[in-house]
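Some features that TrEMBL has for this protein:
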type	residues	note
TRANSMEM	A:12-33	transmembrane segment
TRANSMEM	A:76-100	transmembrane segment
DOMAIN	A:77-268	domain 'ABC transmembrane type-1'
TRANSMEM	A:112-136	transmembrane segment
TRANSMEM	A:148-168	transmembrane segment
TRANSMEM	A:189-211	transmembrane segment
TRANSMEM	A:247-268	transmembrane segment
Amino acid sequence: MDKRRITRWHVFGWIFLVFLLIYAVTPLLWMLITSFKSQFAALQYPPDLYPKNPTTEQYVRLLSPQNDVGRQFLRYLLNSIMVSTVTTILGVAVAVPAAYAFSRFRFPGRKALFFSVLFRNMFPAVVFLMPLFIMMRWMGLVNTYSSLVITYLTFGLPLSIWLLKGFYDNIPVQLEQAARIDGCTRFQAFYLIVMPLSAPGIIATAIYSFITAWNEYVYALTFLNDDQKLTLPVGLQRFFTEYATNWPGLMAASFIMSVPVVAMFLILQKYFVRALTEGAVKA
Amino acid sequence: MAQVEFQEVVKRYGSFEAVKSVSFTVEDGEFVALVGPSGCGKTTTLNLIAGLLDLTGGAIRVGGRQINDLDPKDRDIAMVFQNYALYPNKTVRQNLGFPLRMRKVPKRELEEKVNDAARLLDITHLLDRRPRELSGGQQQRVALGRALVRDPQVFLMDEPLSNLDAKLRVQMRAELKRFHQDLNATVIYVTHDQLEAMTMADKMAVMSGGVLQQYDTPERVFEEPANVFVAGFVGSPAMNLLPARVVENGGAVQAAGEGWELALSPRNAASARRASGDAVILGARHSSLILHEEAAPGCIAAKIYTVEPTGDLTYAHVEVGGKTFVISLDPQRRIRADQPVWIEFDQDRLHLFDAVTEQRLPPG
């Protein structure tokens, strides 16, 4: 047994972390509890701490394609999945070779290009809202999924490349050299040796792209106006202002929306943490 | 196994010339050490053979076949890296089998060869472990196994022992030498450690500043260093070097410096006459100098700087004409710092170099 002394600072640390946990978990918990209440019970004052007559009515309604509300919700869900997945796949497909090139090759303008990749992060995303909207209109992309995918890639790629470069920097170049001597082409050396070693980084990058795209609201609100094309964050908001305020419904929908993100993060969090620290040590 | 031939090999990075017109031939089955201080171009040279770098000029032939423009995978060479470069996500078995798998060797044959290599290197019990679970010496063996499993034409080794601790290094050095003798393999071995090169190699290629300084057997490199650099680099402690002027006094030839002069024997006098000017550099190994505690004819006066006992031998650091010499002594002798001494040169083992060209002046 490890006999570490429990000091005052340990106790303070624990109390602080517990508060932080409460702060983070309470809204989620309240969301979940409310989603199981009836509409009447949700508006009751003082509120019940737990649903007296729990009902899954809202979930059934949202997830069944039999009714209008369900059809609409599933449509938004599908839109979100589509935009986020395409963003993720394209993001990884570009970030992996880009990060590899930044890490391994010396080419003219390498440094300048690398920092210009980060340059975008100096500005808040809203600053680009109008210019990008005008650009999208000019390209005829308003009200398309592509407008969102392109925008999300623009914002997501810099960090993805930065993250992955940290990974590749930590993989000794001798491994590829050994692979090439052992009979690999340059691409095989990358594909068979380097890629598997950078899997944690690729996974982290993918999660990051997916979550950013999944949660994004402002650009989706601005670029899309066709009701059939809305993504979940925008869809939800419109949805419930239209049908009066159905709190349990809104909470159920929000909960469904957060499931993929939370699940993905829980399963893959160890890779995510490794990716962030890996880059940090080298930088 | 095959002969490796370098013909005026040049490697340039922009305006920097890392390897300057290097030519030499490694015979079939020879163990050649490329040795020199860091940045001398030895690893670059090795990478040129491996195909990890492109030649700027010249040609490299393996077994008569020019390989300049071939991919590393098509050169039929194997390489052991300083950090071993074992694939961390593969087991030892997969590491050993990887070069065969890439060459599409049938599964049965692959397993057989992997097992043979493992047996030869005594790592059979480690086959299912991953590299990070192995000690440095074991990783070293796996790296060696991965190189020899496919029976290449040439083995390239880039400082393979420098990551091991001193004791293991001595042991692996002997094993590597034995391995070379048993397989009769052509080996090109890069090291910065001249002792490693001396003990293991059939021939040494001493490099400095991208130039091949001398290519010969360790004995010859030690006995007849081609220039001042080689003289100072090979041997431990390094050869003592003393700049001098050659003075002809009647028929006698003398070397003289600040506050000392030394009559040269006829053999050395003939060498000294070959110098381009009157400036030469005398070179003497620590073992070719004799220390006297009283003045004697034909000796140079000097003063003890410090004394280093090492057990087997004692090294006396001696101040001579503004330079410090290292002289080995019998450990029984009692010598103190600041004691005046007289140095006698063994003229048959004295080396002379031209101070201008820094080249060796062959004895007459």
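Along the chain as shown, the residues are counted starting at 1.
Cβ from N, Cα, C; glycine included.
Just so it is clear, the model here is predicted, and its values are computed rather than measured.
Long-range Cβ contacts of the transmembrane segment (A:247-268) within its own chain (Cβ-Cβ under 8 Å, at least 6 residues beyond either end) map to 28, 31-32, 34-39, 42-43, 57-59, 61-63, 69, 73, 77, 80, 203-204, 207, 210-211, 214-215, 232-233, 236, 239-240. Same-chain neighbours of the transmembrane segment (A:112-136): 102, 142, 147, 151, 154-155, 157-159, 161-162, 165, 218-219, 222-223, counting only residues six or more beyond its ends whose CB sits under 8 Å from a CB of the stretch.
Against the transmembrane segment (A:76-100), the recorded stretches A:12-33, A:148-168, A:189-211 differ in Cβ pairs under 8 Å, and the greatest number is found for A:148-168. Listed as Cβ neighbours of the transmembrane segment (A:12-33) (distance under 8 Å, sequence separation of 6 or more from its ends, same chain) are residues 49-51, 251, 254-255, 258.
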